[in-house]
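Asker: Annotation source TrEMBL lists transmembrane segment at B:47-66, B:78-97, B:109-133, B:153-171, B:227-245, B:311-328, B:334-351, B:372-391, B:418-435, B:455-472.
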Amino acid sequence: MERVVILSQVQDIFKDILDDEEVILTDKTQAPDVKGWDSLTHIQLVVGIERHFKIRFTSREIQSWNNVGEMVDTIQNRIQNS
Amino acid sequence: MLFTSNEFLIFFTAFFLLYWFVCDKNVKHQNILVLLGSYLFYAWWDWRFLSILITTSIVNFILGIYIEKTTVPKSRKLLLWIGLLQGVGCLLLFKYFNFFVESFSNFFSFFHFNIHIQTINIIIPLGLSYYTFKSISYLLDIEKGKIKATAEWMVFCSYIAFFPALLAGPIDKARTLIPQLEQKRVFDYNLATDGLRQILWGVFKKVVIADNCASITNHIFDNYQHFSGSTLLIGAFLYTIQMYADFSGYSDMAIGFSRLIGFNITRNFDFPFFSQNIAEFWRKWHISLTSWLTEYVFTPLSIAFRDLGKLGLIFAIIINFTICGIWHGANWTYVLFGLMHGCYFIPLILTGKMNKRSKIAGNKMLPSFSEAARMLATFVLVMFTFIVFRAENITQAFNYYQRLFSISLISIPAVPKGYLTFRTLLLFIGSMLLIEWLNREKEHGLQLGVIKGRIFRWSVYAFIFFLIGMLMETSETPFIYFKF
(Lines of atoms letter the chains of each structure in order from A and count residues from 1; the text may use other names and numbers.)
(Lines give C-alpha, C1' and ligand atoms only; values in the text may rest on other atoms or scores of the structure.)
Protein backbone atom coordinates (compact mmCIF):
# COMPACT_ATOMS: atom_id res chain seq x y z
CA MET A 1 0.00 0.00 0.00
CA GLU A 2 1.30 3.45 -0.89
CA ARG A 3 2.30 5.85 1.83
CA VAL A 4 -0.13 8.55 0.70
CA VAL A 5 -3.00 6.09 0.88
CA ILE A 6 -2.01 5.01 4.40
CA LEU A 7 -1.80 8.64 5.53
CA SER A 8 -5.23 9.38 4.10
CA GLN A 9 -6.77 6.34 5.78
CA VAL A 10 -5.09 7.25 9.11
CA GLN A 11 -6.58 10.74 8.72
CA ASP A 12 -10.06 9.22 8.29
CA ILE A 13 -9.57 7.15 11.46
CA PHE A 14 -8.54 10.32 13.35
CA LYS A 15 -11.65 12.15 12.06
CA ASP A 16 -13.86 9.29 13.16
CA ILE A 17 -12.38 8.75 16.63
CA LEU A 18 -11.82 12.41 17.51
CA ASP A 19 -15.23 13.23 16.00
CA ASP A 20 -13.73 16.13 14.10
CA GLU A 21 -14.08 16.36 10.30
CA GLU A 22 -11.48 19.11 10.10
CA VAL A 23 -8.46 17.04 11.12
CA ILE A 24 -5.68 17.37 8.57
CA LEU A 25 -2.57 15.21 9.04
CA THR A 26 0.86 15.58 7.48
CA ASP A 27 4.05 13.65 8.23
CA LYS A 28 5.15 16.39 10.60
CA THR A 29 1.91 16.63 12.59
CA GLN A 30 2.38 16.08 16.34
CA ALA A 31 -0.14 15.52 19.14
CA PRO A 32 -0.32 19.17 20.28
CA ASP A 33 -1.22 20.19 16.69
CA VAL A 34 -4.48 18.22 16.75
CA LYS A 35 -7.32 19.25 19.04
CA GLY A 36 -8.34 16.36 21.31
CA TRP A 37 -5.26 14.21 20.62
CA ASP A 38 -4.04 13.46 24.15
CA SER A 39 -2.52 10.44 25.88
CA LEU A 40 -5.94 8.80 26.30
CA THR A 41 -7.33 9.34 22.81
CA HIS A 42 -3.90 8.25 21.57
CA ILE A 43 -4.64 4.75 22.86
CA GLN A 44 -8.05 4.78 21.11
CA LEU A 45 -6.42 5.97 17.87
CA VAL A 46 -3.83 3.19 18.09
CA VAL A 47 -6.55 0.56 18.58
CA GLY A 48 -8.53 2.06 15.63
CA ILE A 49 -5.47 1.92 13.37
CA GLU A 50 -4.59 -1.64 14.43
CA ARG A 51 -8.12 -2.86 13.68
CA HIS A 52 -8.32 -1.06 10.36
CA PHE A 53 -5.00 -2.28 9.00
CA LYS A 54 -5.22 -5.65 10.85
CA ILE A 55 -1.79 -5.20 12.43
CA ARG A 56 -0.44 -5.17 16.00
CA PHE A 57 2.10 -2.64 17.25
CA THR A 58 4.54 -3.31 20.05
CA SER A 59 4.43 -1.16 23.17
CA ARG A 60 7.88 0.20 22.27
CA GLU A 61 6.67 1.32 18.82
CA ILE A 62 3.64 3.11 20.24
CA GLN A 63 5.83 5.03 22.69
CA SER A 64 8.55 5.86 20.15
CA TRP A 65 6.63 7.94 17.58
CA ASN A 66 7.43 11.63 17.54
CA ASN A 67 5.04 12.55 14.71
CA VAL A 68 2.46 11.12 12.30
CA GLY A 69 5.18 10.38 9.71
CA GLU A 70 6.95 7.96 12.04
CA MET A 71 3.64 6.25 12.80
CA VAL A 72 2.88 5.87 9.08
CA ASP A 73 6.39 4.39 8.55
CA THR A 74 5.67 1.71 11.15
CA ILE A 75 2.26 0.95 9.59
CA GLN A 76 3.85 0.60 6.14
CA ASN A 77 6.56 -1.71 7.48
CA ARG A 78 3.98 -3.86 9.21
CA ILE A 79 1.75 -4.15 6.13
CA GLN A 80 4.73 -5.06 3.92
CA ASN A 81 5.95 -7.71 6.38
CA SER A 82 2.55 -9.31 6.95
CA MET B 1 20.56 19.59 58.42
CA LEU B 2 17.06 20.83 57.54
CA PHE B 3 16.74 23.62 54.97
CA THR B 4 15.39 25.82 57.78
CA SER B 5 18.25 25.07 60.21
CA ASN B 6 21.26 27.20 61.07
CA GLU B 7 23.64 24.41 60.01
CA PHE B 8 22.16 24.42 56.52
CA LEU B 9 22.37 28.21 56.33
CA ILE B 10 26.11 28.02 57.11
CA PHE B 11 26.62 25.05 54.78
CA PHE B 12 24.80 26.71 51.89
CA THR B 13 26.49 30.09 52.33
CA ALA B 14 29.90 28.42 52.25
CA PHE B 15 28.83 26.32 49.28
CA PHE B 16 27.46 29.35 47.41
CA LEU B 17 30.67 31.37 47.89
CA LEU B 18 32.94 28.50 46.87
CA TYR B 19 30.71 27.66 43.91
CA TRP B 20 30.60 31.13 42.36
CA PHE B 21 33.96 32.54 43.46
CA VAL B 22 36.42 29.61 43.60
CA CYS B 23 35.03 26.80 41.44
CA ASP B 24 33.59 28.97 38.66
CA LYS B 25 36.45 28.34 36.22
CA ASN B 26 34.96 25.31 34.51
CA VAL B 27 32.15 22.81 34.69
CA LYS B 28 34.38 20.10 36.19
CA HIS B 29 35.23 22.21 39.23
CA GLN B 30 31.57 23.10 39.66
CA ASN B 31 30.53 19.44 39.51
CA ILE B 32 33.25 18.33 41.96
CA LEU B 33 31.83 20.83 44.44
CA VAL B 34 28.21 19.78 43.77
CA LEU B 35 29.15 16.14 44.33
CA LEU B 36 31.26 16.70 47.45
CA GLY B 37 28.69 19.10 48.85
CA SER B 38 25.90 16.59 48.21
CA TYR B 39 27.81 13.76 49.90
CA LEU B 40 28.65 15.97 52.88
CA PHE B 41 25.01 17.05 53.14
CA TYR B 42 23.90 13.41 53.02
CA ALA B 43 26.55 12.18 55.48
CA TRP B 44 25.52 14.91 57.90
CA TRP B 45 22.14 13.16 58.20
CA ASP B 46 23.58 9.68 58.47
CA TRP B 47 26.99 8.73 57.09
CA ARG B 48 26.14 4.99 57.16
CA PHE B 49 23.78 5.35 54.20
CA LEU B 50 26.37 7.10 52.06
CA SER B 51 27.75 3.73 50.92
CA ILE B 52 24.34 2.71 49.52
CA LEU B 53 24.00 6.01 47.67
CA ILE B 54 27.48 5.72 46.16
CA THR B 55 27.07 2.03 45.25
CA THR B 56 23.72 2.70 43.56
CA SER B 57 25.30 5.54 41.59
CA ILE B 58 28.27 3.49 40.40
CA VAL B 59 26.21 0.40 39.48
CA ASN B 60 23.69 2.44 37.48
CA PHE B 61 26.39 4.53 35.81
CA ILE B 62 28.13 1.37 34.53
CA LEU B 63 24.86 -0.30 33.52
CA GLY B 64 23.84 2.84 31.58
CA ILE B 65 27.02 2.75 29.52
CA TYR B 66 26.71 -0.97 28.75
CA ILE B 67 22.99 -0.75 27.89
CA GLU B 68 23.84 1.88 25.30
CA LYS B 69 26.87 0.05 23.92
CA THR B 70 25.10 -3.29 23.53
CA THR B 71 23.32 -3.72 20.20
CA VAL B 72 21.74 -7.11 20.96
CA PRO B 73 18.17 -6.36 22.21
CA LYS B 74 18.16 -9.33 24.60
CA SER B 75 21.40 -8.23 26.27
CA ARG B 76 20.08 -4.66 26.59
CA LYS B 77 16.96 -6.01 28.26
CA LEU B 78 19.05 -8.21 30.58
CA LEU B 79 21.20 -5.27 31.68
CA LEU B 80 18.09 -3.16 32.20
CA TRP B 81 16.59 -5.90 34.36
CA ILE B 82 19.75 -6.03 36.49
CA GLY B 83 19.38 -2.29 37.09
CA LEU B 84 15.67 -2.58 37.85
CA LEU B 85 16.31 -5.48 40.24
CA GLN B 86 19.03 -3.50 42.01
CA GLY B 87 16.75 -0.45 42.44
CA VAL B 88 13.51 -2.24 43.25
CA GLY B 89 15.44 -4.83 45.31
CA CYS B 90 16.92 -2.12 47.55
CA LEU B 91 13.46 -0.58 47.99
CA LEU B 92 11.93 -3.97 48.81
CA LEU B 93 14.64 -4.87 51.27
CA PHE B 94 14.89 -1.59 53.15
CA LYS B 95 11.36 -0.30 52.88
CA TYR B 96 8.92 -3.17 52.34
CA PHE B 97 10.48 -6.43 53.60
CA ASN B 98 9.00 -6.30 57.11
CA PHE B 99 5.65 -5.13 55.75
CA PHE B 100 5.37 -8.09 53.37
CA VAL B 101 6.53 -10.56 56.00
CA GLU B 102 4.03 -9.31 58.56
CA SER B 103 1.14 -9.11 56.05
CA PHE B 104 2.00 -12.64 54.84
CA SER B 105 2.02 -14.17 58.34
CA ASN B 106 -1.13 -12.22 59.35
CA PHE B 107 -2.89 -13.58 56.27
CA PHE B 108 -2.03 -17.17 57.20
CA SER B 109 -2.77 -16.72 60.90
CA PHE B 110 -6.29 -15.64 59.83
CA PHE B 111 -6.74 -19.22 58.61
CA HIS B 112 -5.11 -20.56 61.81
CA PHE B 113 -1.79 -21.40 60.17
CA ASN B 114 1.06 -20.04 62.19
CA ILE B 115 3.94 -19.08 59.99
CA HIS B 116 6.86 -17.41 61.67
CA ILE B 117 9.29 -15.52 59.46
CA GLN B 118 11.89 -13.37 61.12
CA THR B 119 11.56 -9.67 60.39
CA ILE B 120 14.71 -7.60 60.13
CA ASN B 121 15.70 -4.64 62.21
CA ILE B 122 16.56 -2.12 59.54
CA ILE B 123 16.38 1.65 59.01
CA ILE B 124 15.27 3.09 55.68
CA PRO B 125 18.06 5.10 54.07
CA LEU B 126 16.98 8.72 53.62
CA GLY B 127 15.91 9.69 50.13
CA LEU B 128 16.03 6.06 48.91
CA SER B 129 12.62 6.24 47.15
CA TYR B 130 13.63 9.44 45.38
CA TYR B 131 17.07 8.52 44.10
CA THR B 132 15.98 5.00 43.15
CA PHE B 133 13.25 6.44 40.91
CA LYS B 134 15.84 8.75 39.35
CA SER B 135 18.20 5.88 38.53
CA ILE B 136 15.37 3.68 37.18
CA SER B 137 14.14 6.42 34.81
CA TYR B 138 17.73 6.93 33.60
CA LEU B 139 18.16 3.26 32.62
CA LEU B 140 14.67 2.96 31.09
CA ASP B 141 15.25 6.05 28.94
CA ILE B 142 18.61 4.75 27.68
CA GLU B 143 17.13 1.35 26.86
CA LYS B 144 14.30 3.01 24.92
CA GLY B 145 16.79 5.21 23.08
CA LYS B 146 15.29 8.40 24.49
CA ILE B 147 18.60 9.62 25.95
CA LYS B 148 22.29 8.84 25.65
CA ALA B 149 24.19 7.42 28.62
CA THR B 150 26.48 10.00 30.14
CA ALA B 151 30.18 9.15 29.92
CA GLU B 152 31.07 11.37 32.90
CA TRP B 153 30.77 9.54 36.20
CA MET B 154 30.86 12.80 38.10
CA VAL B 155 27.87 14.13 36.16
CA PHE B 156 25.87 10.98 36.82
CA CYS B 157 26.75 10.78 40.53
CA SER B 158 25.86 14.49 40.90
CA TYR B 159 22.54 13.85 39.15
CA ILE B 160 21.66 11.10 41.64
CA ALA B 161 22.94 12.92 44.75
CA PHE B 162 22.04 16.54 43.81
CA PHE B 163 21.63 17.85 47.36
CA PRO B 164 18.73 20.32 47.05
CA ALA B 165 16.52 17.48 45.76
CA LEU B 166 18.20 14.48 47.42
CA LEU B 167 15.99 13.87 50.44
CA ALA B 168 12.47 14.56 49.18
CA GLY B 169 12.61 15.39 45.48
CA PRO B 170 11.54 16.80 43.08
CA ILE B 171 12.34 13.59 41.17
CA ASP B 172 14.13 15.04 38.16
CA LYS B 173 14.39 12.89 35.08
CA ALA B 174 17.87 12.49 33.65
CA ARG B 175 16.88 14.39 30.49
CA THR B 176 16.08 17.47 32.63
CA LEU B 177 19.04 17.57 35.00
CA ILE B 178 21.95 15.84 33.24
CA PRO B 179 22.17 18.36 30.33
CA GLN B 180 22.37 21.14 32.96
CA LEU B 181 25.16 19.31 34.80
CA GLU B 182 27.09 18.92 31.55
CA GLN B 183 27.21 22.67 30.96
CA LYS B 184 29.07 25.29 32.94
CA ARG B 185 26.63 27.28 35.04
CA VAL B 186 26.82 31.04 34.75
CA PHE B 187 25.47 33.24 37.52
CA ASP B 188 22.06 34.58 36.53
CA TYR B 189 20.95 37.45 38.76
CA ASN B 190 17.25 37.17 37.89
CA LEU B 191 17.20 33.40 38.39
CA ALA B 192 19.00 33.75 41.74
CA THR B 193 16.76 36.50 43.11
CA ASP B 194 13.66 34.61 42.02
CA GLY B 195 15.14 31.58 43.78
CA LEU B 196 15.46 33.65 46.96
CA ARG B 197 11.81 34.70 46.72
CA GLN B 198 10.77 31.09 46.21
CA ILE B 199 12.80 30.01 49.27
CA LEU B 200 11.14 32.76 51.34
CA TRP B 201 7.71 31.55 50.25
CA GLY B 202 8.67 27.95 51.00
CA VAL B 203 9.92 28.84 54.50
CA PHE B 204 6.70 30.80 55.13
CA LYS B 205 4.57 27.80 54.17
CA LYS B 206 6.66 25.45 56.31
CA VAL B 207 7.21 27.59 59.42
CA VAL B 208 4.06 29.70 59.55
CA ILE B 209 1.47 27.31 58.11
CA ALA B 210 2.60 23.66 58.24
CA ASP B 211 4.28 23.63 61.66
CA ASN B 212 1.40 25.52 63.27
CA CYS B 213 -1.18 23.23 61.67
CA ALA B 214 0.87 20.28 62.98
CA SER B 215 0.66 21.52 66.57
CA ILE B 216 -3.14 21.19 66.31
CA THR B 217 -3.53 18.18 63.99
CA ASN B 218 -1.12 16.01 66.02
CA HIS B 219 -3.29 16.57 69.05
CA ILE B 220 -6.55 15.86 67.20
CA PHE B 221 -5.33 12.74 65.36
CA ASP B 222 -3.61 11.28 68.45
CA ASN B 223 -6.71 11.74 70.61
CA TYR B 224 -9.47 11.51 68.03
CA GLN B 225 -11.65 9.40 70.36
CA HIS B 226 -12.15 12.45 72.57
CA PHE B 227 -13.22 14.91 69.90
CA SER B 228 -16.55 15.63 68.22
CA GLY B 229 -17.22 14.96 64.52
CA SER B 230 -17.05 18.67 63.76
CA THR B 231 -13.60 18.95 65.39
CA LEU B 232 -12.40 15.90 63.48
CA LEU B 233 -13.57 17.56 60.25
CA ILE B 234 -11.43 20.58 61.12
CA GLY B 235 -8.57 18.21 61.97
CA ALA B 236 -8.84 16.67 58.48
CA PHE B 237 -9.04 20.13 56.88
CA LEU B 238 -5.97 21.37 58.75
CA TYR B 239 -4.00 18.20 57.97
CA THR B 240 -4.70 18.61 54.24
CA ILE B 241 -3.44 22.20 54.41
CA GLN B 242 -0.46 21.04 56.50
CA MET B 243 0.52 18.38 53.96
CA TYR B 244 0.39 20.92 51.16
CA ALA B 245 2.25 23.65 53.04
CA ASP B 246 4.90 21.22 54.30
CA PHE B 247 5.63 19.44 51.05
CA SER B 248 5.14 22.33 48.61
CA GLY B 249 7.10 24.52 51.04
CA TYR B 250 9.95 22.01 50.98
CA SER B 251 9.75 21.80 47.17
CA ASP B 252 9.82 25.60 46.83
CA MET B 253 12.98 25.67 48.96
CA ALA B 254 14.59 22.85 46.96
CA ILE B 255 13.84 24.62 43.66
CA GLY B 256 14.94 27.98 45.10
CA PHE B 257 18.32 26.67 46.34
CA SER B 258 18.85 25.00 42.94
CA ARG B 259 18.18 28.31 41.19
CA LEU B 260 20.75 30.03 43.40
CA ILE B 261 23.38 27.67 42.01
CA GLY B 262 22.17 28.01 38.43
CA PHE B 263 19.84 25.01 38.00
CA ASN B 264 16.23 24.87 36.88
CA ILE B 265 14.80 21.70 38.35
CA THR B 266 11.37 20.14 37.87
CA ARG B 267 8.38 21.95 39.30
CA ASN B 268 6.59 19.89 41.94
CA PHE B 269 3.38 21.83 42.70
CA ASP B 270 1.12 24.03 40.60
CA PHE B 271 -1.42 25.31 43.15
CA PRO B 272 -3.34 22.00 43.39
CA PHE B 273 -6.15 23.34 45.58
CA PHE B 274 -7.46 25.32 42.60
CA SER B 275 -8.14 22.10 40.66
CA GLN B 276 -11.60 21.37 39.35
CA ASN B 277 -11.36 17.60 39.37
CA ILE B 278 -9.13 14.88 40.73
CA ALA B 279 -7.20 14.37 37.47
CA GLU B 280 -6.31 18.07 37.46
CA PHE B 281 -5.35 17.80 41.13
CA TRP B 282 -2.78 15.10 40.30
CA ARG B 283 -1.43 17.15 37.40
CA LYS B 284 -0.67 19.84 40.01
CA TRP B 285 0.27 17.84 43.15
CA HIS B 286 3.69 16.17 43.49
CA ILE B 287 4.06 16.68 39.73
CA SER B 288 7.48 15.01 39.49
CA LEU B 289 6.17 11.74 40.98
CA THR B 290 2.92 11.82 38.99
CA SER B 291 4.70 12.42 35.70
CA TRP B 292 7.22 9.65 36.54
CA LEU B 293 4.39 7.19 37.21
CA THR B 294 2.42 8.34 34.14
CA GLU B 295 5.41 7.74 31.88
CA TYR B 296 6.73 4.48 33.32
CA VAL B 297 3.63 2.83 34.80
CA PHE B 298 0.33 4.22 33.51
CA THR B 299 1.24 4.62 29.82
CA PRO B 300 2.78 1.12 29.35
CA LEU B 301 -0.16 -0.42 31.26
CA SER B 302 -2.79 1.47 29.28
CA ILE B 303 -1.08 0.31 26.08
CA ALA B 304 -0.98 -3.29 27.31
CA PHE B 305 -4.68 -3.18 28.26
CA ARG B 306 -5.74 -1.19 25.18
CA ASP B 307 -8.09 -3.84 23.79
CA LEU B 308 -10.24 -3.59 26.91
CA GLY B 309 -11.25 0.01 26.14
CA LYS B 310 -12.25 2.09 29.15
CA LEU B 311 -12.02 -0.92 31.45
CA GLY B 312 -8.35 -1.20 30.50
CA LEU B 313 -7.81 2.45 31.44
CA ILE B 314 -9.53 1.86 34.78
CA PHE B 315 -7.24 -1.14 35.49
CA ALA B 316 -4.20 0.92 34.53
CA ILE B 317 -5.15 3.88 36.72
CA ILE B 318 -5.99 1.70 39.74
CA ILE B 319 -2.63 -0.10 39.52
CA ASN B 320 -0.86 3.22 38.93
CA PHE B 321 -2.34 4.83 42.04
CA THR B 322 -1.86 1.74 44.19
CA ILE B 323 1.85 1.98 43.37
CA CYS B 324 1.68 5.73 44.03
CA GLY B 325 0.19 4.98 47.45
CA ILE B 326 2.62 2.26 48.48
CA TRP B 327 5.57 4.37 47.25
CA HIS B 328 4.90 6.53 50.33
CA GLY B 329 5.60 3.71 52.73
CA ALA B 330 4.99 0.17 53.89
CA ASN B 331 1.55 0.49 55.40
CA TRP B 332 -1.90 -0.60 54.23
CA THR B 333 -3.09 2.98 54.87
CA TYR B 334 -0.98 4.15 51.91
CA VAL B 335 -2.34 1.34 49.74
CA LEU B 336 -5.88 2.44 50.61
CA PHE B 337 -4.95 6.09 49.98
CA GLY B 338 -3.79 5.15 46.47
CA LEU B 339 -6.82 2.95 45.79
CA MET B 340 -9.19 5.76 46.82
CA HIS B 341 -7.53 8.15 44.39
CA GLY B 342 -7.59 5.50 41.66
CA CYS B 343 -11.34 5.03 42.22
CA TYR B 344 -11.92 8.79 42.10
CA PHE B 345 -10.70 8.67 38.48
CA ILE B 346 -13.34 6.15 37.34
CA PRO B 347 -16.14 8.69 36.67
CA LEU B 348 -13.67 10.87 34.75
CA ILE B 349 -12.57 7.94 32.58
CA LEU B 350 -16.16 6.85 31.91
CA THR B 351 -17.20 10.37 30.88
CA GLY B 352 -14.00 10.99 28.90
CA LYS B 353 -13.08 14.02 31.02
CA MET B 354 -9.79 12.75 32.45
CA ASN B 355 -7.58 14.80 30.15
CA LYS B 356 -9.87 17.79 29.68
CA ARG B 357 -8.04 20.96 30.64
CA SER B 358 -9.66 24.27 31.40
CA LYS B 359 -8.17 27.46 32.76
CA ILE B 360 -9.87 28.38 36.01
CA ALA B 361 -11.47 31.84 36.18
CA GLY B 362 -9.72 32.87 32.93
CA ASN B 363 -8.40 36.37 33.47
CA LYS B 364 -11.09 37.25 35.97
CA MET B 365 -10.45 37.88 39.63
CA LEU B 366 -13.02 35.40 40.96
CA PRO B 367 -14.05 31.92 39.82
CA SER B 368 -17.60 31.29 38.67
CA PHE B 369 -20.00 29.58 41.07
CA SER B 370 -19.67 26.20 39.33
CA GLU B 371 -15.86 26.49 39.24
CA ALA B 372 -15.78 27.30 42.96
CA ALA B 373 -18.12 24.38 43.68
CA ARG B 374 -15.90 21.97 41.71
CA MET B 375 -12.79 23.28 43.49
CA LEU B 376 -14.42 22.75 46.86
CA ALA B 377 -15.66 19.26 45.91
CA THR B 378 -12.15 18.27 44.76
CA PHE B 379 -10.66 19.60 47.99
CA VAL B 380 -13.16 17.62 50.09
CA LEU B 381 -12.46 14.41 48.14
CA VAL B 382 -8.72 14.87 48.70
CA MET B 383 -9.25 15.75 52.36
CA PHE B 384 -11.04 12.46 53.03
CA THR B 385 -8.09 10.50 51.63
CA PHE B 386 -5.64 12.37 53.86
CA ILE B 387 -7.42 10.96 56.92
CA VAL B 388 -6.27 7.49 55.82
CA PHE B 389 -2.86 8.89 54.92
CA ARG B 390 -2.38 10.35 58.41
CA ALA B 391 -3.83 7.40 60.35
CA GLU B 392 -1.48 4.89 62.02
CA ASN B 393 -3.44 1.97 60.59
CA ILE B 394 -6.64 1.12 58.74
CA THR B 395 -8.62 0.53 61.97
CA GLN B 396 -7.76 3.98 63.25
CA ALA B 397 -8.75 5.52 59.91
CA PHE B 398 -12.15 3.82 59.98
CA ASN B 399 -12.74 4.81 63.60
CA TYR B 400 -11.88 8.39 62.67
CA TYR B 401 -14.39 8.31 59.79
CA GLN B 402 -17.01 6.73 62.05
CA ARG B 403 -16.66 9.47 64.67
CA LEU B 404 -16.48 12.17 62.02
CA PHE B 405 -19.78 11.09 60.43
CA SER B 406 -21.59 10.74 63.76
CA ILE B 407 -24.30 13.05 65.08
CA SER B 408 -21.59 15.13 66.76
CA LEU B 409 -20.69 16.46 63.28
CA ILE B 410 -23.48 18.96 63.89
CA SER B 411 -21.96 20.61 66.94
CA ILE B 412 -19.71 23.53 67.67
CA PRO B 413 -16.13 22.34 67.18
CA ALA B 414 -13.71 22.55 70.09
CA VAL B 415 -10.37 22.96 68.33
CA PRO B 416 -7.46 22.48 70.73
CA LYS B 417 -5.07 25.39 70.95
CA GLY B 418 -1.74 24.92 69.24
CA TYR B 419 1.07 27.43 69.21
CA LEU B 420 -1.38 29.81 67.50
CA THR B 421 -5.12 30.04 68.06
CA PHE B 422 -7.29 28.43 65.39
CA ARG B 423 -8.58 31.84 64.26
CA THR B 424 -5.09 33.29 63.76
CA LEU B 425 -4.04 30.17 61.92
CA LEU B 426 -7.10 30.42 59.66
CA LEU B 427 -6.14 33.99 58.88
CA PHE B 428 -2.65 32.88 57.78
CA ILE B 429 -4.05 29.96 55.75
CA GLY B 430 -6.51 32.35 54.06
CA SER B 431 -3.67 34.76 53.25
CA MET B 432 -1.55 31.96 51.78
CA LEU B 433 -4.41 30.76 49.58
CA LEU B 434 -5.25 34.33 48.51
CA ILE B 435 -1.66 35.14 47.53
CA GLU B 436 -1.39 31.85 45.62
CA TRP B 437 -4.75 32.46 43.92
CA LEU B 438 -3.56 35.87 42.70
CA ASN B 439 -0.34 34.29 41.40
CA ARG B 440 -1.89 31.05 40.13
CA GLU B 441 -0.44 31.49 36.64
CA LYS B 442 3.08 32.03 38.05
CA GLU B 443 5.78 29.53 38.92
CA HIS B 444 5.47 30.11 42.65
CA GLY B 445 3.41 32.12 45.10
CA LEU B 446 5.82 34.98 45.60
CA GLN B 447 6.32 36.11 41.99
CA LEU B 448 4.45 39.26 42.94
CA GLY B 449 3.70 40.57 39.47
CA VAL B 450 0.32 41.79 40.65
CA ILE B 451 1.90 44.22 43.12
CA LYS B 452 3.31 47.18 41.24
CA GLY B 453 6.07 49.18 42.86
CA ARG B 454 9.23 48.03 44.55
CA ILE B 455 8.36 49.45 47.99
CA PHE B 456 5.11 47.50 48.19
CA ARG B 457 6.79 44.28 47.12
CA TRP B 458 9.57 44.73 49.67
CA SER B 459 6.99 45.47 52.35
CA VAL B 460 5.40 42.09 51.62
CA TYR B 461 8.79 40.33 51.82
CA ALA B 462 9.60 42.15 55.07
CA PHE B 463 6.25 41.19 56.59
CA ILE B 464 6.77 37.53 55.67
CA PHE B 465 10.27 37.68 57.17
CA PHE B 466 8.83 39.16 60.33
CA LEU B 467 6.19 36.42 60.59
CA ILE B 468 8.77 33.69 60.04
CA GLY B 469 11.01 35.23 62.71
CA MET B 470 8.12 35.44 65.15
CA LEU B 471 6.94 31.90 64.58
CA MET B 472 10.17 30.01 64.01
CA GLU B 473 10.01 27.49 66.81
CA THR B 474 13.16 26.57 68.58
CA SER B 475 12.63 22.86 68.02
CA GLU B 476 13.04 21.90 64.36
CA THR B 477 10.20 19.94 62.84
CA PRO B 478 11.31 17.61 60.04
CA PHE B 479 9.50 17.66 56.70
CA ILE B 480 6.76 15.03 56.36
CA TYR B 481 8.02 13.77 52.99
CA PHE B 482 11.52 12.97 54.35
CA LYS B 483 10.24 9.67 55.74
CA PHE B 484 9.11 8.50 52.29
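The count begins at 1 with the first shown residue.
The backbone N, Cα and C atoms fix where each Cβ goes, glycine too.
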Asker: Six or more residues out from either end of the transmembrane segment (B:334-351), which same-chain residues have a Cβ under 8 Å from its Cβ atoms?
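Answerer: Non-local partners: 277-279, 282, 310, 313-314, 317-328, 381, 384-386, 388-389, 394, 397.
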Asker: Which one, B:47-66, B:227-245, B:311-328, B:372-391, has the most C-beta pairs under 8 Å toward the transmembrane segment (B:78-97)?
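Answerer: Stretch with the highest Cβ contact count: B:47-66.
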Asker: Tally Cβ pairs under 8 Å between the transmembrane segment (B:372-391) and each listed stretch (B:47-66, B:153-171, B:227-245, B:311-328, B:455-472), then give the stretch with the top tally.
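Answerer: The stretch I would name here is B:227-245.
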Asker: Could you give the residue numbers and ranges of same-chain residues that sit at least 6 residues beyond the transmembrane segment (B:153-171) on either side and whose C-beta is under 8 angstroms from one of its C-beta atoms?
Answerer: 28, 31-32, 34-35, 37-39, 41-42, 45, 53-54, 56-58, 60-61, 64, 126-127, 130-131, 133-135, 137-138, 177-178, 181-182, 247, 250-251, 253-255, 257-258, 261, 263, 265-268, 286-289, 292, 479, 481-482, 484
Asker: Going along the chain, which residues at least six beyond the ends of the transmembrane segment (B:47-66) come within the CB cut-off of under 8 Å?
Answerer: 39, 79-80, 82-83, 86-87, 90, 125-128, 131-132, 135, 138-139, 142, 149-151, 153, 156-157, 160-161
